[in-house]
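To start, the structure under review is shown below, and the notes come after it.
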Amino acid sequence: MSGRPRTTSFAESCKPVQQPSAFGSMKVSRDKDGSKVTTVVATPGQGPDRPQEVSYTDTKVIGNGSFGVVYQAKLCDSGELVAIKKVLQDKRFKNRELQIMRKLDHCNIVRLRYFFYSSGEKKDVVYLNLVLDYVPETVYRVARHYSRAKQTLPVIYVKLYMYQLFRSLAYIHSFGICHRDIKPQNLLLDPDTAVLKLCDFGSAKQLVRGEPNVSYICSRYYRAPELIFGATDYTSSIDVWSAGCVLAELLLGQPIFPGDSGVDQLVEIIKVLGTPTREQIREMNPNYTEFKFPQIKAHPWTKVFRPRTPPEAIALCSRLLEYTPTARLTPLEACAHSFFDELRDPNVKLPNGRDTPALFNFTTQELSSNPPLATILIPPHARIQAAASTPTNATAASDANAGDRGQTNNAAFASASNST
């Protein structure tokens, strides 16, 4: 494989990108303590394109891969930590990850604060730098900690993490955006507050029915069977399959479908779900004609998991890990599943005694795929709290343009109240 950093996905059929006039403008100075301060001209992630100077310091590498490099830095004006994802930019096209992230504003999705371009060491090499929320942990590292201690993640955390993941998916799917790389490594966590944020939209794409997509997408262990069958007209339900794999992994303490190749992966899936029927294969990929699998019966889900696994967790898994893409629950339906009922209890707390993070501040955008589900998703105590905090007419206008992040959408609460 080439050592050249992989670019993130690019939007097709785009005109060449015009770089901002301040492109490549990067100044380095020293603060009073002698620390290196970098000042760039950056554009805010949301809102109008109004470039502004942003200064940061204490830069250090915290991750790298085929996509590029991720740095941690501290903003000089606020002292907040941020992550800066630096990726190779093809100047001929708009960067799809940037285009998608500028649309998104949700409490369970990592926020794009700014972006800026920088020059490479070689002539004509350009980098896109995404300045993102810094979140200290990942579901992958937390789960690995428990696994190494021969323990499983406490079920309350499984509920909190999966619920927030499904909320983030319901939100992006409402825009027709498919993440295409759901895995524990891409689920950021604040261990103190239990807030989860979905990150890394480098593989994400707005899916359009009838337009082909690459099937070699998504990380192994989490690839939906239709991708293994080579489907190119798949839907956002591939994210739901991946989320089901994450749920199963948190319950088991190890991946449910490990495999070093597509064939290995399929064998592992068949061991649990049984051999897919011809109809199921047709639903996954109508063009797939090879059918040479041994006939294996499905393994009972109750025997896949440990004896003390909550029945509701097993039931939810079985509704996510379905061969037929249309048979899988939608993310919003998953949020409404009885496995998450404990989170809707007004007295539930985190194990550390803190309140749970915001779980019911649904927006009309989030609920758009199935508005009646608001009656389940927004419990009575949350509706009462929302009604008590409803802004007066004088302040409502000023709040009208507030984003989704952490904002209580009173229209959503009202619809829930009216439906009950």
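Note: Cβ is positioned from N, Cα and C throughout, glycine not excepted.
Here is what Swiss-Prot records for this protein:
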BINDING   ILE62, GLY63, ASN64, GLY65, SER66, PHE67, GLY68, VAL69, VAL70, LYS85  ATP binding site
COMPBIAS  1-22  compositional bias 'Polar residues'
COMPBIAS  387-401  compositional bias 'Low complexity'
COMPBIAS  409-420  compositional bias 'Low complexity'
LIPID     CYS14  S-palmitoyl cysteine
MOD_RES   TYR216  phosphotyrosine
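All features noted in Swiss-Prot, drawn onto the structure.
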| residue | record | DSSP (3 states) |
| --- | --- | --- |
| ILE62 | ATP binding site | strand |
| GLY68 | ATP binding site | strand |
| TYR216 | phosphotyrosine | coil |
Alpha-carbon spacing, SER66 (ATP binding site) to the residue listed as 'phosphotyrosine', which is rounded to whole Å: 16
Spatial separation of TYR216 (phosphotyrosine) from ILE62 (ATP binding site) - C-alpha basis, Å: 27
Rounded distance in angstrom between the Cα atoms of VAL70 (ATP binding site) and TYR216 (phosphotyrosine): 24
Annotated ATP contacts ILE62, GLY63, ASN64, GLY65, SER66, PHE67, GLY68, VAL69, VAL70, LYS85, maximal Cα-Cα distance (Å, integer): 14
SER66 (ATP binding site), number of other Cβ atoms within 10 Å: 12
For ILE62 (ATP binding site), the number of other Cβ atoms found within 10 Å of its own Cβ: 14
Cα distance (Å, whole number) from TYR216 (phosphotyrosine) to GLY68 (ATP binding site): 20
C-beta crowding around TYR216 (phosphotyrosine), within 10 angstroms: 9
